[in-house]
Amino acid sequence: MRAAIVVLCAALALMAMPVPALADGGEQEGDLSELQIKIEESGKAYDEACAKVESLNEEAAQNQARIDEVSAQLPAQRQKASAAIAASYKMSQNQPGLMGLILSSENFDDFLATITYLNAVQGHNLDQVDRLNDLQDELESNQAELAQRQAEAEAQKQAAQTALDEAKAAREEAQRQAEEQAAREAAEAAAALQAEADAQAAAQAAPVSQAAVPSAPSSVDWSSDKSSFVAQWAPRIDAYLAGSPLAGQGTTFASAAWDYGVDPRWSPAISNTESSKGAVCFRPYNAWGWGNASWSSWEEAIPAHVAGLARGYGYTISWEAAKKYCPPNAAHWYSATLAEMNSI
């Protein structure tokens, strides 16, 4: 009898445990769709072009700063060079006097001292002229470099704009396809949720009621650039994750969502379904039931999960994605995750 009780208790304990997702944590690189490739490549091209623009602008600012510095030095140096040229001219016109000065030396030491002095004066005059020439050459060189960098920066701005336009178009197309898929799957998802509700009612000997089907998430606005997109979504995700182990990761989620063209609410919502927003992770920093994966930080884990969603499950939540992500309990997973997405 005691053994039977132990077995029964163990069985009840197992039934009480949440059913883990069976999400595929593989990269699935070979399965990338043409649209997903375009999404990732356009995002990468945009980031690279923006980085080049920023770098070129910094270099141009350095050029401009040096131009301003040299320009400020030139007037005084022109005066010094002009005075040096005048002094050299006077010395050249007064050769007899200079020769008399040299010949009037009382001894050899005086002679050397006079020669050294005259050479120093002449050298100083030449140095002032050379300094003026160097400053003018440096000014012209910096002006040429500035013009070149400004032209390159403008070209990179155009490249960034082209990449941004392509990124927007690709992400909007992914969203359009996801919305069409959701419309096609609506009846199947509703039937599955109703079946789950019926089963629960039967288990509890309660009257059967109409299952609540969460509405699809509102569309995401992909018309802005990455920085604006992140600025829009990061605070919303931060508010959703407040007080959880994932608190403060709104920017990480939003940035990854842009990079991989994924609904920015999807990964945060899954973290709630799978681990109460990171409170109960079965592997280090794995808040999503993501295979056997583990990471060393949220900053490493979040982009990896978002990339995996994009490459293996699509732009946003769908009934097909739910069946693939959590086969044992797809209806509950779908309903719970969708409701969380709508709350962000």
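Each Cβ is built from the backbone N, Cα and C atoms, and glycine gets one as well.
Computed over the coiled coil (39-73), the whole-number mean pLDDT of the model equals 89. Under the heading coiled coil, TrEMBL lists 39-73.
Counting only same-chain residues 6+ beyond the ends of the compositional bias 'Basic and acidic residues' (165-187), those with a CB under 8 A from a CB of the stretch are 35-36, 38-39, 42-43, 45-46, 213, 216, 219-220, 222-223, 226, 261, 263, 314-316, 318-320. Among the features that TrEMBL reports, compositional bias 'Basic and acidic residues' is placed at 165-187.
Under the heading region 'Disordered', TrEMBL lists 145-191.
As annotated by TrEMBL, signal peptide applies to 1-23.
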Next on the checklist: Please list the DSSP helix, strand and coil residue counts for the region 'Disordered' (145-191).
Outcome noted: 47 helix, 0 strand, 0 coil
